[in-house]
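What Swiss-Prot records for 1 is N-acetylmethionine, and it gives similarity to another entry as the kind of evidence. The annotation ATP binding site is assigned in Swiss-Prot to 34, 97, 98, 127, 128, 129, 130 on the grounds of sequence analysis. Feature annotation from Swiss-Prot assigns Mg(2+) binding site to 128; the stated evidence is sequence analysis. The annotation substrate binding site is assigned in Swiss-Prot to 173, 174, 175, 210, 217, 218, 219, 273, 301, 307, 308, 309, 310. The annotation active site, proton acceptor is assigned in Swiss-Prot to 175 on the grounds of sequence analysis. Residues or ranges marked as beta-D-fructose 2,6-bisphosphate binding site in Swiss-Prot: 481, 538-542, 576, 583-585, 639, 665, 671-674, 744. Sequence annotations record features per position, and here Swiss-Prot assigns O-linked glycosylation site to 540 based on similarity to another entry. The phosphotyrosine annotation in Swiss-Prot covers 651, and the record cites similarity to another entry as its basis.
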């Protein structure tokens, strides 16, 4: 599918939420199967969006069991009943495995209970089993109604009035085992738990020179194991979809001993709980420990993470994902017709899509069938593009071929960090260095940005030099905001001295400006006529050409965690409003998305101009809120959203206007947003996007092999980014037109579309464009 195949219609054809009404409709929301962090955010979004459009929304407690039992298990929800649940793990409405719903009698009871409350729209949050059950229920619905009418439990009018059941699913599962969706609700939070444990284990393992075998959950899906192995640079990983080849025991022991010989003091082996060999026999953690102890004599420990992975606070990513999906689910139910198949709302790249539920379920079952029949390549293919990409990247970075097996290109590729530090930069450098070495290049590290480049702070960097960099925050190479413009002569001299054939720049808006300056200097300095590519890395997420930047997710999690603590403080004090200032320069990404993830009442950003009337409206909104049971407020403000409406001004205005109703406090989060260990998302995004950048450089250098060609075309100076569903290389010359240089932001930003969501979920009226919604797509199998 192309990135553009669901563009919003133009002009009068645009469709807004106001055009959809839920009046007279009743929506039932339930969570079923294993719990997952973020389910509460989804429940909150469904309830609030449902109420916003005028529908009645009911909680169905304890999953399908509550639907079968009826009575107090089905209760109407109101706005306040989903307050303060965003930051809570698990599901507040409970989940239970239900045998009764598997029988027709059970489903008959469930139908009767729903009809008593007029519910003909179901929003099911759960795994493939729960969603398959919902689809069967929908198919049987008319038959169940007729049976209830024959039994005298409902009249003929009710059969006609409630003739159709609409079902929309959201996949809540930490395993990420549902085909058709890139990320299921809960997966990112589970990765956070795993990486927290791995980071903690690494310190003790290094102290004692130990080997740790970590078993992670995921049933028959290796996603958690694979991505956590990628995020922590594990020595070996065992997956159900890609079993190790015959003789793996010896290969693994050789790999572990080689790593020890390179002065690595610890080994990490990650095992998926469903790991198997090529004969479909289980590979257990204990078996691996036994092997390492007997063959190598290493001090080895096994850690089984278990249900820790299901627990804890949802990550910012899961809260935003679940909120987006919950809103999309309500819109899908409002737009459903009797002919619409049951669908799943999901994420494809950065794009919300609807997919036919049974197509997804079928493909998910096909993966298991392929594994049972030992067609492992098919299993990886069916898991999708993201899974296959992660697997290939892991293999490239984990296993170093002997030097004599790597064909040398005689090319020197330099890596530089530019701008402010961002968590994940080191993961990106590690990935670039290792992929470059595997491709036969000589890799050079430039220290301290363009300043260091001009001074000749350049050294060769090897495979082992970047070991253990993935989990390190900040920038090990050192980074500065200095632009190359005033050092062009010196930098050209260094390019010539070190025979640099290509340049990879990892950084923020300064890196983008630097790339433009180097590109413009090509006519004067032929040394710059080499392939140059930039990978966006900044907490501000303000680089043109990419929807995401390395470091923004970690900053968002820092903001979200801090807001959770502040909200807790405000809840204890009662009648208190907090004003939080976030970073980002003129870019409101952190304030807006932080507001969505933390459940803020307002977020002031530069991209949406505001005046004193808007501030007054916010005060009135908070005054009304204090009359309810939720007696606290949270307001986010981007640091450069307004020259005059500063954080101090807003604090003073709120303090004065709120006198006698609420008091006010302010917090400036500052540079804590740039620090800390990178989140799993930033580690993996940095790792994968940097590997892609090096593949591009290698392909460009192959064009010139032996010919000494100079690169002068625009397509040899690019920014690599994610746009909607695709990873794309865009020439900086083209991106100039899309850039607001004065305010250092792109002219168009995708996340502004989500701005109304934050307002709606905070009880403001807002105009939400739903033109992109409504296209039911088909699941596309991907070929490896």
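Heads up, the Cβ atoms here are built off N, Cα and C, so glycines get one too.
What you see is a predicted model, and the numbers here were worked out from it, not measured in a lab.
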Where among the binding-site residues 34, 127, 129, 585 do you find the Cβ with the fewest other Cβ atoms within 10 Å?
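Ranked by other Cβ atoms within 10 Å, the binding-site residues 34, 127, 129, 585 bottom out at 129.
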Provide, as an integer number of angstrom, the distance between the C-alpha atoms of residue 127 (ATP binding site) and residue 173 (substrate binding site).
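Rounded to a whole number, the Cα-Cα distance is 6 Å.
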For residue 173 (substrate binding site), which of the binding-site residues 34, 128, 129 has the nearest Cα in space?
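Going through 34, 128, 129 one by one, the closest to residue 173 (substrate binding site) is 34.
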Taking the Cβ of residue 540 (beta-D-fructose 2,6-bisphosphate binding site) as the reference point, list residues of the same chain whose Cβ is under 8 angstroms away and which are at least six residues distant in sequence.
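Once residues fewer than 6 apart are set aside, residue 540 (beta-D-fructose 2,6-bisphosphate binding site) is near 508, 509, 549, 552, 583, 584, 585, 587, 589, 590.
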Between 310, 481, 576, 671, which of the binding-site residues has the fewest other CB atoms within 10 angstroms in the structure shown?
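Comparing Cβ neighbours within 10 Å for the binding-site residues 310, 481, 576, 671, 671 has the fewest.
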Do you know which of the binding-site residues 128, 175 has the most other C-beta atoms within 10 angstroms of its C-beta?
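The largest 10 Å Cβ neighbour count belongs to 175.
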For residue 130 (ATP binding site), just count the other CB atoms lying within 10 A of its CB, please.
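I get 25 for this one.
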Long-range neighbours only, meaning 6 or more apart in sequence with Cβ under 8 Å: which ones does residue 219 (substrate binding site) have?
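Same-chain residues close to residue 219 (substrate binding site) (Cβ under 8 Å, separated by 6 or more) are 175, 177, 273, 274.
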Cβ within 8 angstroms of the Cβ centroid of 34, 97, 98, 127, 128, 129, 130: which residues besides those meet this for the ATP site?
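Counting only non-site residues, the set is 32, 33, 63, 126, 133.
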For the substrate binding residues given in the record (173, 174, 175, 210, 217, 218, 219, 273, 301, 307, 308, 309, 310), what is the largest pairwise C-alpha separation in angstrom?
32
